[in-house]
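> Below are the features listed in TrEMBL for this protein:
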type: BINDING; residues: R190, G191, G192, K193, T310, S522, R583; note: CoA binding site
type: BINDING; residues: G386, E387, P388, D410, T411, W412, W413, Q414, T415, D499, R514, R525; note: ATP binding site
type: BINDING; residues: V536, H538, V541; note: Mg(2+) binding site
type: DOMAIN; residues: 23-80; note: domain 'Acetyl-coenzyme A synthetase N-terminal'
type: DOMAIN; residues: 82-466; note: domain 'AMP-dependent synthetase/ligase'
type: DOMAIN; residues: 530-608; note: domain 'AMP-binding enzyme C-terminal'
type: MOD_RES; residues: K608; note: N6-acetyllysine
Amino acid sequence: MSAHVYPMPDAVKTDARLNPETYASKYQDSVSNPEAFWAKEGERLTWFSPYSKVKQTSFAPGNIDIQWYADGTLNACYNCVDRHLAERADKTAIIWEGDEVDVQKSISFRELHEQVAKFANGLKKLGVKKGDRVAIYMPMVPEAAYAMLACARLGAVHSVIFAGFSPNAIADRVNDCGAKVVITSNEGRRGGKGVPLKPNVDEALSDDACPTVEHVVILKHTDVAYDMQDGRDVWWHELIGDCDTDCPAEVMNAEDPLFILYTSGSTGQPKGVVHTTGGYMVYASMTHEYTFDIREDDVYWCAADVGWVTGHSYIVYGPLANGTTTLMFEGVPTYPDVSRIGKVVDKHKVNILYTAPTAIRALMAKGDSAAKGSKRDTLRILGSVGEPINPEAWEWYYKTIGNSRCPIVDTWWQTETGGILIAPFPAATDMKPGSAMLPFFGVKPKLVDNEGQELQGATEGNLIIEDSWPGQARTLWGDHERFEQTYFSTYKNVYFTGDGARRDEDGDFWITGRVDDVLNVSGHRLGTAEIESALVAHECVAEAAVVGYPHDLKGQGIYVYVTVVDGVEANDELKKTLVQWVRKELSPIATPDYIQWSPGLPKTRSGKIMRRILRKIAGNDYSNLGDTSTLADPSVVDSLIENRLNR
Ligand code: WTA
């Protein structure tokens, strides 16, 4: 299959960090001599005491042990804030663009230091110390970054919970890590509407459901008032009122945990992915610098949410470690209308824009109105992340947003990888719409068949990574066995990504999507099992099976098969109830698109649901269902096809 190839635009080529030759030789160097390569790269951080060890990693069965820079000490917050004070104190660290068009503010590195230090002292007053866990459930405001950095400053491990999650999901995450404090806001604002954050936290903590939580800190972001619980709740501004701006950064070991971030997997319980300090920071900083070819005066905008890993690595830790001005946007790309992104770019003279295909498709759906009212001529580089970008969306992004002048870096990576692993680095390569192209330094991607045999040349298979890189997750919180089971047991001695990929005749990678039971809905990662457990928790549901199907805007839609309990009437009223139920139990991002009543599900004789068949029916592509002879009752399939909803 030959793809249209776009050359790197000249504007980027002239003085980019990389060209095809320098990329190739640096890559070669990184994989043939990782020790020396990463020893040198580690110097990009400021260490309190230097490391003598660099890479100590094992993917061996029974001994998954990943350590980088293990005997060095440092502090992530110090690297993002304090060390810039000498040269960049007055430089803007964060530009905040509020939900409404005329609401904005700029925070210098000096102010960032003051705010973070004060808040860290506030947390100390609440008894937070090194090693404690702190949950952060915040809107996209600068205080979300202050909270993360303040935890890092104290050596407390933060766990940011996406502000779209419901009380149940909050409680699960808070309890899994045993958080001592929850930091939230009275209300968030998105697309002109209020999001009730404090009430969600109250509900999550009600009936002593989260016994480890001692305090809740509440940022007063809007004027909405909610009851405060005596002894437990404290306002952010009151907490820091008398706090000093002097708060020494804790000396942390490189392998001390920096944060936990929950993500969805194939089973019901979300996984607490653990990232540590040294390797993660080296990797976030380096990938940020190279992927976006960062310059000192750049204004850089990653339009993700801090509730996801992209917000951690590429709104907060990577850019701030590099002293880059990072823009935080509270709102949505379509509010007040689809011209918002372009206007924000012009207003703040944004040079680099990093967003998700789902946002691009939402704008593209409105023709060229997204480009109206803005010139976007400050843009130099565009980025894409979170899901495969279809060539139509790629071309539209390139031409309409980027005026055919800016390369698109289509970055493939995961919560577990900490940073970008595969991308078309400027100007290391030409671009092929839809292809993530080349591995980052030190990253060895390979394709294997279902038996784990390595596939050579132009081919398609399961994507594995052969060796460790500094940004890799170290474990799952409290469950190292599950870590091994999930990532290192399908194929031995390598990291299994859960993604499929194709490699073309030039050796470039095309990510084809998840090969496990993980969905990617509007760039949000969801486990089918999580949605299923929410559904079966409803008294009318006997059994539920959830699959994804191709969706024009969202990438994937959610298709649900439900068997009701005997005697329950399966009607439209119940469908509505179940939709509301899932939104409430889990999150509005998990809203089912279709619910099909299914008196029976296709199961093997051993009782295993054949999802392959359900996926095909949901995708309205049932002509070739493959072998159904192993089904306990093959007639179930005909009835499901007959009553399918996505036609
Ligand atoms: C998918 C987000 C294709 C992939 C950073 C991966 C992508 C999952 C891309 C991780 C891309 C991410 N092209 N697919 N450029 N980027 N994915 O953990 O399936 O929220 O496994 O991390 O998103 O999602 P997560």
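Cβ coordinates are placed from backbone N, Cα and C, and glycine is handled just like the others.
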> Kindly report the helix/strand/coil residue split of the domain 'Acetyl-coenzyme A synthetase N-terminal' (23-80) according to DSSP, in that order.
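Counting residues per DSSP class in the domain 'Acetyl-coenzyme A synthetase N-terminal' (23-80), I get 26 helix, 15 strand, 17 coil.
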> Could you name the residues, excluding V536, H538, V541, of the same chain that surround the Mg(2+) site, i.e. Cβ within 8 Å of the Cβ centre of those residues, in sequence order?
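Along the chain, the qualifying residues are A534, L535, A537, E539, C540, A542, A544, V562, L578, W581.
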> Out of K193, T415, R514, which binding-site residues lie by ligand 1, with a C-beta less than 6 Å from some atom of it?
T415, R514
> Provide the number of Cβ atoms within 10 Å of the Cβ of P388 (ATP binding site), excluding the reference atom itself.
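By my count, 21.
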> Within a 10 Å radius around the Cβ, which one of these binding-site residues has the most neighbouring Cβ atoms: G191, G386?
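Result of the Cβ crowding comparison: G386.
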> When secondary structure is assigned with DSSP, how many helix, strand and coil residues does the domain 'AMP-binding enzyme C-terminal' (530-608) contain?
24 helix, 27 strand, 28 coil
> Kindly assign K193 (CoA binding site) to one of the three DSSP-derived states: helix, strand or coil.
strand
> Where H538 (Mg(2+) binding site) and R583 (CoA binding site) are concerned, what is their Cα separation in Å, rounded?
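A Cα-Cα distance of 13 Å.
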> Could you state, as a whole number of Å, the largest distance between Cα atoms of any two of G386, E387, P388, D410, T411, W412, W413, Q414, T415, D499, R514, R525, the listed ATP binders?
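Between the outermost Cα atoms of G386, E387, P388, D410, T411, W412, W413, Q414, T415, D499, R514, R525, the distance is 18 Å.
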> Measure from the CA atom of R583 (CoA binding site) to the CA atom of V541 (Mg(2+) binding site) and give the result in Å, rounded to a whole number.
16
> If H, G and I count as helix, E and B as strand, and all else as coil, what does DSSP give for T415 (ATP binding site)?
helix
> Which has the fewest other CB atoms in a 10 Å radius around its CB: V536, V541, the listed binding-site residues?
V536
> If you draw a 10 Å sphere around the Cβ of R514 (ATP binding site), how many other Cβ atoms fall inside it, taking every protein chain shown into account?
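Neighbour count, Cβ to Cβ under the 10 Å cut-off: 18.
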> Quick one: among the binding-site residues T310, T415, S522, which has the most Cβ atoms sitting within 10 Å of its own Cβ?
T310
> Please name which of the binding-site residues listed here, P388, R514, V536, is nearest in space to S522 (CoA binding site), Cα against Cα.
P388
